[in-house]
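Over in Swiss-Prot, the protein carries these features:
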TOPO_DOM  33-151  topological domain 'Extracellular'
CARBOHYD  Asn66  N-linked glycosylation site
CARBOHYD  Asn76  N-linked glycosylation site
TOPO_DOM  173-236  topological domain 'Cytoplasmic'
MOD_RES   Tyr196  phosphotyrosine
MOD_RES   Tyr207  phosphotyrosine
MOD_RES   Tyr218  phosphotyrosine
SITE      Tyr218  site 'Required for binding to BLNK'
Amino acid sequence: MPGGPGLLQALCATTFLLFLISAGGLGPGSQALWVDGGPPSMTVSLGETARLQCLHNRSRLSSKLNITWWRVLQGNATWPDIFLSYGKGPNGELTIDTVNKSHMGMYRCQVEEKDLNQKILSSQQSCGTYLRVRERLPRPFLDMGEGTKNNIITAEGIILLFCAVVPGTLLLFRKRWQNMKFGVDAQDDYEDENLYEGLNLDDCSMYEDISRGLQGTYQDVGSLHIGDGDVQLEKP
């Protein structure tokens, strides 16, 4: 076969060269640029600080990364995204201080990898995170832990039990001491005081008026002065 051995050697050399190139491209420091998709949403309260991170991994150690944050406008897909700021720190963080209702929306980060000549080698962007803003939760009147609340309830129960048992016990001991000191006489005097309890005073006055009226119809013989003897005494 004409040119057979030479053609076979050329194919082997080409295959070996392609293998070396691919091995060098997949070696350390030559991996592809990677950007995390990020959380689908984030919820913060009014007045708080929102922090969005752009996790990424560069493909070359000598390259330079440019991280920017963009806000996606809602309602029309043809509208361009609004540039917000550059990412700060190793994770390209976006910080929004004193969040209000106007900050609600979709945010995404974009990572551009450049070489020493500021040439863009690759570019990736996150899927986007929707920022939700809610009303601040009302602060409870007693802002304390559950353990502290349980201790307070236990102390209140002990105090209530003390206030209910101790006065009753003292009254019982006082009554017992009075009975032992004064004896039965005090009880008899108390009964004598209540001997006429329930007696109707109006009935008593009526009987008293009747008795007084009867006394007026009789005459005392001893004190009667008889003159001429024609005085007649009434028989009872």
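Cβ atoms here come from the backbone N, Cα and C positions, even for glycine.
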Per-state residue totals over the topological domain 'Extracellular' (33-151) - DSSP helix, strand, coil: 9 helix, 53 strand, 57 coil
Nonlocal residues around Asn66 (N-linked glycosylation site), in sequence order (Cβ under 8 Å, 6 or more apart): Tyr86, Val111, Glu112, Glu113, Lys114
